[in-house]
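So that you can see what the record holds, here are the features copied from Swiss-Prot:
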- Ser91: phosphoserine (MOD_RES)
- Lys94: SUMO2 cross-link (CROSSLNK)
- Lys118: SUMO2 cross-link (CROSSLNK)
- Lys129: SUMO2 cross-link (CROSSLNK)
- Lys139: SUMO2 cross-link (CROSSLNK)
- Lys153: SUMO2 cross-link (CROSSLNK)
- 172-344: region 'Interaction with MAP3K12' (REGION)
- Lys235: SUMO2 cross-link (CROSSLNK)
- 271-285: region 'Leucine-zipper 1' (REGION)
- Lys301: SUMO2 cross-link (CROSSLNK)
- Lys301: N6-acetyllysine (MOD_RES)
- Lys304: SUMO2 cross-link (CROSSLNK)
- 314-329: region 'Leucine-zipper 2' (REGION)
- Lys325: SUMO2 cross-link (CROSSLNK)
Amino acid sequence: MAAATELNRPSSGDRNLERRCRPNLSREVLYEIFRSLHTLVGQLDLRDDVVKITIDWNKLQSLSAFQPALLFSALEQHILYLQPFLAKLQSPIKEENTTAVEEIGRTEMGNKNEVNDKFSIGDLQEEEKHKESDLRDVKKTQIHFDPEVVQIKAGKAEIDRRISAFIERKQAEINENNVREFCNVIDCNQENSCARTDAIFTPYPGFKSHVKVSRVVNTYGPQTRPEGIPGSGHKPNSMLRDCGNQAVEERLQNIEAHLRLQTGGPVPRDIYQRIKKLEDKILELEGISPEYFQSVSFSGKRRKVQPPQQNYSLAELDEKISALKQALLRKSREAESMATHHLP
């Protein structure tokens, strides 16, 4: 059933009149709405005897201007009314697309079957043989290489033996270190054991680590030798530098050489506190892991630090000699008194 509506296409004169009679935005929007209706009829290819649109632009121009709010409300209601119809049209479109894809797939499968029917089984086997021969030729071309680039010239069995020997050697080294650092008592009767899991933590007094360390007071050390230490950046004459106190200078030199610190600069007033902190830090690091300072190696004989040369007068030398004689006499008298006291 066709619906007929009295609407004509606007002529050229009407279009000129339309351009002259646009007093406000609301009327312009209304003109565009009517023009879109005319475009819709053309897209659907409806003849004039089915749908006919006639617009009298003169009468439309003489009408009072529409309120924008009224026009907006009417247009919004019309769009909301048309949205359900769009949703209804989407489902048959999807079904048509699915059907078309299935038909294309069936056509392709039929073409493949026809091609397979044309070729016999023997032809297919020959084609597979040709492919295999091509693959063998490719492998042969890839095998050719320069033998000089090979670093290890040994068979697979020899390479596997070397790898297994390397793994066993590393495991033995790790096991030895674990037993030495973690395990206190080794149970020889136990077949399966692990030094780290079976270890008994025995904290040493005054230390936080399981590695036993001891504090040693050395009167002289490896840093007292005059020649420079390789890799430390010290000059041979760096040991002769004095900060005013021989004991402080020796401790400073030992710590700086052990930590590979650059010497120099003024000595602060809290020098003893700094030395104490540095020594405690070194002891803590060695207690956590002895490997911290294993790279530091020293060679040569240990030599005492030579005190700075001083010039004394004859009177000062006589005083020192007399003081030394008195000290020796005092020690000898004390030794004699102790010996007589212990006699029965």
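Placement of Cβ uses the backbone N, Cα and C atoms for every residue, glycine included.
Recorded features from Swiss-Prot, shown on the structure.
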{"residue": "Ser91", "record": "phosphoserine", "Cβ neighbours (10 Å)": "9"}
{"residue": "Lys94", "record": "SUMO2 cross-link", "Cβ neighbours (10 Å)": "9"}
{"residue": "Lys153", "record": "SUMO2 cross-link", "Cβ neighbours (10 Å)": "7"}
{"residue": "Lys325", "record": "SUMO2 cross-link", "Cβ neighbours (10 Å)": "10"}
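Residues in the region 'Leucine-zipper 1' (271-285) partition by DSSP class (helix H, G, I; strand E, B; coil) as 15 helix, 0 strand, 0 coil.
Annotated pair Lys325 (SUMO2 cross-link) and the residue listed as 'phosphoserine', C-alpha to C-alpha distance, rounded: 122 Å. The two recorded residues Lys153 (SUMO2 cross-link) and Lys94 (SUMO2 cross-link) have their Cα atoms spaced 67 Å from each other.
Here the region 'Leucine-zipper 2' (314-329) returns a mean pLDDT of 90 for the predicted model.
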